[in-house]
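Scroll down for the structure; my scribbles are underneath it.
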Amino acid sequence: CWNIIGSGIFISPKGVLEHAGSVGLSLIVWVCGGGICALGSMCYAELGVTIPKSGGDYSYVTEIFGGLVGFLLLWSAVLIMYPTTLAVIALTFSNYVLQPAFPNCLPPFIATRLLATICILFLTWVNCSSVRWATRIQDVFTVAKLLALALIIVVGLVQICRGHYDALRPSVAFEFSQDPSVGQIALAFLQASFAYSGWNFLNYVTEEIVEPRKNLPLAIYISIPLVTLVYTMTNIAYFSSMTPEELLASNAVAVTFGEKLLGMFSWVMPISVALSTFGGINGYLFTSSRLCFSGAREGHLPYLLAMIHLKNCTPIPALLVCVSTALTALSTLSKTHNLINYVSFINYLSYGVTIAGLLYLRKKRPNLARPIKVNMLIPISYMIFWAVLLGFSLYSEPVVCGLGMVIMLTGVPVYFVGVWWKDKPKWVYRLVERVTYMGQKVCYVVFPQEDPSETEPLTASKAID
């Protein structure tokens with residue numbers, strides 16, 4: 001569950017409350033958001049053991065729907081999901097570092113962007129230099145994340161025991177600052193989903209789990225409720241010390257919480273959250289470069305991105321692409337609030353396409369071996385929620401959400417020109433070879449040895465069908 005609990009819990013509470021319009025409804029959104037993640041993760045568990053290939057959503061969709069749909073998922077992940085998420089977390093890192101120095105105003109725009117850029121570049125260098133360093137940073141900074149959340153929850157419970165829970169009384173909690181609407185509630189779910197966005201990582205290790213049919217659902221049943229409890233308790237703790245107006249006015253919610261309750265130890269909170277977000281950036285750089293790597297091996301991205309450093313065994317070309325797109329998102333997109341709606345909409349779109357693939361696979365290949373087989377009501381319920389959420393989100397934020405769809409669809413001509421069109425002029429192939437060769441020399445990279453188990457399709461299963 002530590003893959004799910006991330007820096008999003010320090011970012012999303014403000015957006016959830018703003019769209020929900022009341023404390024009570026925002027808490028309901030956090031609880032229901034965890035329930036939706038549980039439904040989705042059970043569907044992903046079935047796909048993970050049915051299609052045992054690395055690459056997650058991208059590999060499943062490519063196997064089920066073919067190259068075009070898989071490429072569009074990869075295209076949106078490389079250009080939207082991972083870069084925007086990195087930009088949001090990096091901005092949160094810089095805000096929490098700088099906020100104590102600017103207690104009465106927002107940190108300067110240029111200062112937050114500059115610090116976020118430095119952080120991304122430094123962690124890219126770490127990931128290019130050593131896989132061991134990257135994993136150690138992740139392990140160490142996970143402690144800071146858990147420390148910050150534990151401190152918030154414990155202090156909040158102490159406040160409640162002392163009788164400071166006025167904002168949580170039912171008569172007050174459901175006082176709406178705006179008229180509730182389905183569209184605004186949908187956007188509140190998008191904001192919450194950003195904090196839960198690691199739930200689909202649970203099935204990435206299905207090949208390594210002993211007895212996945214038994215242990216993978218068990219891991220889901222334990223981790224998702226635990227994460228939901230932690231997130232809900234964190235928000236309850238916030239409301240034990242802050243009014244809704246104070247929370248909405250805060251640029252760094254955890255810092256405001258610490259200043260009100262921790263006194264001379266208030267410095268602990270911004271440091272803990274900054275360390276947590278620092279680790280979050282490192283984790284997303286690691287996983288996004290791995291996705292580029294998988295896409296290149298499938299032939300959907302330039303082969304240079306499937307190469308690793310000769311000595312350090314790190315995917316330097318893929319990391320350079322990831323950092324370039326992240327810095328572009330950081331420099332071109334402004335409000336963190338809009339960034340979260342933008343990336344969460346595309347995330348949910350990808351989840352829905354993947355789970356629709358599960359339903360399609362059930363119909364087209366009913367005899368396929370499925371070590372885990374969920375009840376049909378689970379994916380159907382998820383798809384109904386998915387359709388309502390995306391429909392009303394697009395209605396409420398047509399520009400922000402529509403922009404993501406437009407960028408995703410730009411991948412269609414790119415796919416047909418770059419992947420589907422095989423008989424290109426010879427000069428195109430010569431140019432690609434020359435660029436690949438130059439990239440190899442600059443980055444000192446080569447193709448790794450392939451593991452047939454990761455690249456071989458479900459030949460045996462297809463033969464059975």
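One-based numbering along the chain as shown.
Glycine too: its Cβ is placed from the backbone N, Cα and C atoms.
Bear in mind that TrEMBL entries carry predicted annotations, made automatically and left uncurated.
The transmembrane segment feature in TrEMBL is assigned to 27-47 (among others). Outside the transmembrane segment (27-47), and at least 6 residues removed from its termini, the chain residues within Cβ reach (under 8 Å) are 4, 16, 20, 60, 173, 185, 188-189, 192-193, 195-196, 199-200, 202-203, 206, 212, 216-217, 220-221, 224-225, 227-228, 231-232, 235-236, 351, 354-355, 357-358, 370, 372-374, 378-379, 381-382, 385.
Feature annotation from TrEMBL assigns transmembrane segment to 68-94 (among others).
The transmembrane segment annotation in TrEMBL covers 114-134 (among others).
Residues of the same chain lying 6 or more positions beyond the ends of the transmembrane segment (146-165) and with a Cβ under 8 Å from any Cβ of it are 2, 5, 9-10, 230, 233-234, 236-241, 254, 257, 261-262, 268-269, 272-273, 276. The annotation transmembrane segment is assigned in TrEMBL to 146-165 (among others).
Residues annotated as transmembrane segment in TrEMBL: 185-206 (among others).
Sequence-distant contacts of the transmembrane segment (218-241) (same chain, six or more residues past either end, CB-CB distance under 8 Å): 1, 4-5, 9, 13, 16, 23, 26-27, 30-31, 33-35, 37-38, 41-42, 45, 149, 152-153, 155-157, 159-160, 164-165, 167-168, 195-196, 199, 202, 209, 247, 253, 257, 260-261. Annotated transmembrane segment per TrEMBL: 218-241 (among others), in sequence order.
Long-range contacts of the transmembrane segment (261-287) within the same chain: residues 3, 6-7, 10, 82, 85-86, 89-90, 92-93, 96-97, 99-100, 119-120, 123-124, 126-127, 134, 137-138, 140-142, 144-145, 147-148, 151-152, 155, 159, 201, 241, 252, 254-255, 319, 322-323, each at least 6 residues beyond the stretch ends and with a Cβ under 8 Å from a Cβ of the stretch. What TrEMBL lists as transmembrane segment is 261-287 (among others).
Here TrEMBL flags 316-333 (among others) as transmembrane segment.
Within its own chain, the transmembrane segment (339-362) has Cβ neighbours under 8 Å at 11-12, 15, 40, 43-44, 46-47, 50, 57, 60-61, 64-65, 69, 73, 76-77, 80-81, 84-85, 87-88, 91, 187, 190-191, 193-194, 197, 200, 329, 333, 368, 376, 379-380, 382-383, 386-387, 389-390, 393-394, 397, 400-401, 403-405, 408, counting only residues six or more beyond its boundaries. Residues or ranges marked as transmembrane segment in TrEMBL: 339-362 (among others).
Annotation source TrEMBL lists transmembrane segment at 374-396 (among others).
Taken from TrEMBL, the feature transmembrane segment covers 402-421 (among others).
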> Short question: which residues 6 or more past the ends of the transmembrane segment (114-134) have a Cβ under 8 Å from it?
Replying inline: 86-87, 90-91, 93-94, 97-98, 278, 281-282, 285-286, 289, 309, 312-314, 316, 319-320, 322-323, 326-327, 330
